[in-house]
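Novice: A single structure is presented below for examination.
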């Protein structure tokens, strides 16, 4: 069919074309075949429409062999297209790049340099999971269409290819693009031994050979289910259902139909969340945090620890009694989290306090996160910069709980009204600091300080500070960020920080 492939080129599993979209075409062919059988039986038994206007059914009854041959040709055509697609789709691991070729008539050649690879993950959609296959996704620097899909391989081959690509990317010195990572991208205390185990303090003691390390996070399905239900939108939907039942009792069944659509959207969203995050486990593996989750579609992804730019921990109002927190991150060059806007950047939808604090320590590698954990437990300390009393006009409910703490190695921003939000940004990850004022805030002598990190769901913002405090905090942040880039550890502040007005 073609010339022998060049050395190093490998093909995917023969079922790959069907799993990539051929199953839909196969279902159409199956439907046509079933219709043909029905029409043939109708034509032979005389129970069809018959006559010159009988259409396809009459023609099939008069010429059954031709009809069977036509369907056979269609099936053979589908098989031939799938076989050609499989034959001409190949990948190769070159000296410095991974290459992928596709297409029969119009050839497409893609490649990604190992030094630009940001993340490698594996996914198993339901149908692929049933036949033991998996897809390897390679994300590299270069925009939204920078990922490469290698589908499909058997599970063992996919896991081996993922590990091989991660090793090649690490040896090639792959670092996230953009500013804000040069000073902290690789800490000298983060060491990887020849056996591939992380010897940094964040990684903890190595596991015995042949056994996986203990999970940092292991989320029971009961917690996932309870956290999915204990939300404010559940309260809203409950109120709508009660109102719908009341309106239906007063005005009849027609009045209830207006509440059906929001109820269906709510149920679909909650079921999707359960299917996405079920069986979540996270483990430290070398310099990465390996995550596996999914009930129907099993996804295995890795978070490169040295590329974490910011961490945000959120505790909604209804989660305070069980003390659960969701954890979101910004990672340079990599999109993580769910597909919805609400879950963008989320890596753990509901962690216990112990898991959240442990995960914060892992994500911050060798940095001291004690101030951030203290803010999670007790709120802002006296040395933090808080909001002045004039901020109550803009934020009457939470102005006392807002503020920013400038710790030795990280900036900690506390915010939230109904939900507690703690954002942690290492000094070396800050790209820039902005101070902004709206017209009303200017009249009240207030200003906001925004810490610009890499693009992501976490957007650190200290709101409603006194204008003079905001300027001093921003200057101190810039100084510490520059100092962190230039040296391993920031020195003490050059001047006393404001304590809030």
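Backbone N, Cα and C atoms are what each Cβ position is placed from, and that goes for glycine too.
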Novice: For the feature region 'Disordered' as recorded in TrEMBL, pick the matching range from 56-95, 96-135, 136-175, 176-215.
Specialist: 176-215
Novice: Labelled transmembrane segment by TrEMBL, one stretch among 35-55, 224-244. Can you tell me which?
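Specialist: Range annotated as transmembrane segment by TrEMBL: 224-244.
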Novice: With DSSP as the yardstick, break the domain 'YdbS-like PH' (399-475) down into helix, strand and coil residue counts.
Specialist: 21 helix, 35 strand, 21 coil
